[in-house]
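K.L.:
What TrEMBL shows for this protein is this:
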- Glu105: active site, nucleophile (ACT_SITE)
- Glu109: active site, proton donor (ACT_SITE)
- 25-219: domain 'GH16' (DOMAIN)
- Asn113: N-linked glycosylation site (CARBOHYD)
- 1-28: signal peptide (SIGNAL)
Amino acid sequence: MSFVRSRKLSSMLLFTLLFACLMGVSKGGNFFQDFDITWGDQRAKILNGGQLLTLSLDKASGSGFQSKNEYLFGRIDMQIKLVAGNSAGTVTAYYLSSQGSTHDEIDFEFLGNATGEPYIVHTNVFSQGKGDREQQFYLWFDPTKAFHTYSIVWNQQRIIFLVDNIPIRVFHNLESIGVPFPNKQAMRIHSSLWNADDWATRGGLVKTDWTQAPFTASYRNFKANACIWSPASPCTSTSPNSVQDNAWQVQALDAPGRNRLRWVQQKYMIYNYCTDLKRFPQGLPPECKRSRFL
């Protein structure tokens with residue numbers, strides 16, 4: 001009886017959060033208003049009246065920023081232009097994360113490479129402190145030549161990773177079969193540019209060429225349609241109250257979206273934990289039994 005009541009209370013809480021989000025919506029767009037520089041001294045800069053942010057890395061330090069707000073579900077969009085030239089050894093991370101040893105996290109990491117070699121997009125999902133759900137991709141364009149939009153849709157049913165609005169990965173809520181899903185911890189948006197030449201490029205074989213420093217990544221056109229969380233109010237929406245802005249709350253892949261996901265995963269996926277039998281000799285994680293294209 002107590003279990004049933006607990007399930008009912010949990011469902012009521014999620015419904016309350018969803019209803020609260022429908023009462024409003026939050027849009028970003030100004031880095032002064034929406035973000036704090038968290039490390040790197042003068043290597044992180046907000047420019048053009050708050051419309052542009054740059055992160056730099058040199059041999060002494062990288063740099064990073066985080067959102068002023070914490071979010072509990074939403075759609076986050078950011079346009080990023082990655083480090084150009086010989087970016088081997090560098091990592092540009094863009095992710096949502098809560099705090100603590102049992103934190104939740106939704107990751108984009110862009111692993112640099114030697115000039116002319118492709119970037120690797122590394123994705124991961126942590127829930128209750130456990131990750132190990134990596135998928136990696138090449139991109140179908142040069143991400144250093146222009147800005148491209150990298151998006152995370154996070155709702156109660158699923159997490160969708162998108163590049164220029166093309167889905168590259170979907171992680172479903174499968175709590176019903178015992179797979180933890182991030183849905184109880186509010187998360188901030190984080191981004192950083194840092195040296196990881198012990199592992200980032202060809203497993204650490206290619207080191208950072210510091211004669212090319214400083215390395216710079218640029219950000220613009222941040223947008224959050226999301227629930228802003230605070231202790232006093234679990235969900236204050238960030239966007240205008242419209243069907244379009246609130247579509248993320250039930251967003252899923254339609255048939256064209258599934259076709260685009262299949263195209264990306266067949267042509268550009270280079271690693272999928274769900275096919276790594278050597279890594280999981282006792283059996284693949286339970287979520288891997290679902291079709292990877294759902």
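The backbone N, Cα and C atoms fix where each Cβ goes, glycine too.
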K.L.:
So if I measure Cβ to Cβ from Glu109 (active site, proton donor) and keep only same-chain residues at least 6 apart in sequence, which ones fall under 8 Å?
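P.N.:
Listed in sequence order: Val91, Thr92, Ala93, Tyr94, Tyr95, Val121, His122, Thr123, Asn124.
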K.L.:
If you measure the residue listed as 'N-linked glycosylation site' to Glu105 (active site, nucleophile) at Cα, how many Å is it?
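P.N.:
So the alpha carbons of the residue listed as 'N-linked glycosylation site' and Glu105 (active site, nucleophile) sit roughly 25 Å from each other.
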K.L.:
Given a 10 Å Cβ-Cβ cut-off, pick out the one of the recorded positions Glu105, Asn113 that has the most other Cβ atoms nearby.
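P.N.:
In terms of Cβ crowding, the pick is Asn113.
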